[in-house]
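Heads up: the structure comes next, in structure tokens.
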Amino acid sequence: MEFGCRRTILSYISTTLLLLHFFLAQWGGNLQSISDGRFQIFSQHTYASFYLPAGRVWELLIGAFAAFYLRDNDSVEKPIYKHRQFLAFLGLVLIIVAVVYLDHQYIPPFPNFYTLIPICGAALIILFGDKNTLIGRLLSTRFLRWTGLISYSAYLWHQPLLAFVRLRSKESPTFSTILIVIGAIPLLSALSYFFIEQPFRNKQRFSQRIIFCAAGIATIVTLMLALFLIRTADNRSMIMNNGDDSYLPDLKKYGNWKYVARVLEDKTKSKTPFSNATIKSKRRIVLIGDSFALDLYNMIIEGKHLLKYEIRVFHLSVRCQIYIGPEDRLRLIEARHRHLCTNAHDIKYALPLVRQANIIILASFWKEWSARRLPSTLKLLNLTKQQQLFVIGAKNFGKVNPALYVNKSMEYRLKQYQNSPAEALKINQLLEETIDKSIFVNIQKMVCTGRNVTCSLFTRDGKLISHDGLHLTKFGALHIGNIIFKNKPLNRL
């Protein structure tokens, strides 16, 4: 194959990769939006786009194309001088616009569609900002050339330094602290440039073999150290914890499965029929569902809601779901969980309690298949007109790592928010569309607010709401319970 043909094929492949990765960066490095059929042109998943190569490759490829163009057109007559001046100046303007106006409060985090502004600006300067242009001469000054030489070292230094200061500060780092760190970065960058970067570029001092061996050893040592620090993080946090901060004691006592499932240990609440004392008062409630039903029970207890009611809890595994219908239930359940759901964890075993109860509340970490079939399930419960029914939607605050908030100030904790996971929003939307809105309790919408349904991780008292993003601590149960029982539809009880 001739060189020209190979080069053409390479150009097509590179262009395809550039467009594909730009698309993935805009869509978040994943294809979650496909699941709900909406193309969200200005929405992407922060973590996937920012950290994964899929969201970054297109930026590098634009630079590569600029380099190829310059190499191929170096000897070709250049465009008119005024045009080069204008295009180089335009590139600088685009970069300045990106720095000044692309604020995270108004646009999604990089990389995304807006990243084209600074990327195109940099490409224009590379292509047209030669030494004969004003921009080229400006960038050739000694100070800016020196800044460029240490820029890679500065890039490598700034992230760990700023992250270290933020994580080690009980309060949000002050402006003066940030200023000191920023001032130290050029000095550290210069030292690493002269004593690390430059020596390793000298082939006479370090061969390729030595560099690869050293890099391999350094990588292994770094990974081992990182694993050690991760595994011992909780112990170190315990040692460093201040005695006047109740965060860790609260977490140990209320931020675990034992607290969530405490009602299961009370056989009078979870295994026995209703007592005769509440027959005439018609104040009997049965909660049916997985750990989300247990969460709801804790909300009732912690907030002292529904005090006049007799409550029973019928627990089902989340793996088995709530379903009554003509289809074979086991075929809908994942194969690895069918043995658990064969002779237990079936809502049909709760029907005796349903017949006795005046109020039936279903709460579950709904799967899509059970949510779609919920109208059929509700119909086949055969409830009377006197019985009331409520369905509690899914709740999900995203991944929560409690260790991150040890030794942090109240101010810091109150600033911790996370966007609601797309799957939880999708399931709740499905439930809203398929069942009567007057019986549906959308906890996610009640608790989390804003365009992205943003959830606070802490109460106003600085108490952690959820220890794992799904289940509630004592303080989370009190906080969310006070919200849902004071609003429709549960305020009818």
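For all residues, glycine too, the Cβ spot is worked out from N, Cα and C.
Noted in TrEMBL for the protein shown:
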{"type": "DOMAIN", "residues": "41-193", "note": "domain 'Acyltransferase 3'"}
{"type": "DOMAIN", "residues": "278-484", "note": "domain 'SGNH'"}
{"type": "TRANSMEM", "residues": "9-28", "note": "transmembrane segment"}
{"type": "TRANSMEM", "residues": "48-70", "note": "transmembrane segment"}
{"type": "TRANSMEM", "residues": "86-107", "note": "transmembrane segment"}
{"type": "TRANSMEM", "residues": "113-130", "note": "transmembrane segment"}
{"type": "TRANSMEM", "residues": "142-158", "note": "transmembrane segment"}
{"type": "TRANSMEM", "residues": "178-196", "note": "transmembrane segment"}
{"type": "TRANSMEM", "residues": "208-230", "note": "transmembrane segment"}
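Stretch with the largest number of CB pairs closer than 8 A to the transmembrane segment (9-28), among 48-70, 142-158, 178-196, 208-230: 48-70.
When Cβ-Cβ distances below 8 Å are used as the criterion, the transmembrane segment (208-230) is approached by residues 200 of the same chain, each at least six residues removed from its ends. Sequence-distant contacts of the transmembrane segment (48-70) (same chain, six or more residues past either end, CB-CB distance under 8 Å): 14, 17-19, 21-22, 24-25, 28-30, 109-112, 115, 119-120, 122-123, 126-127.
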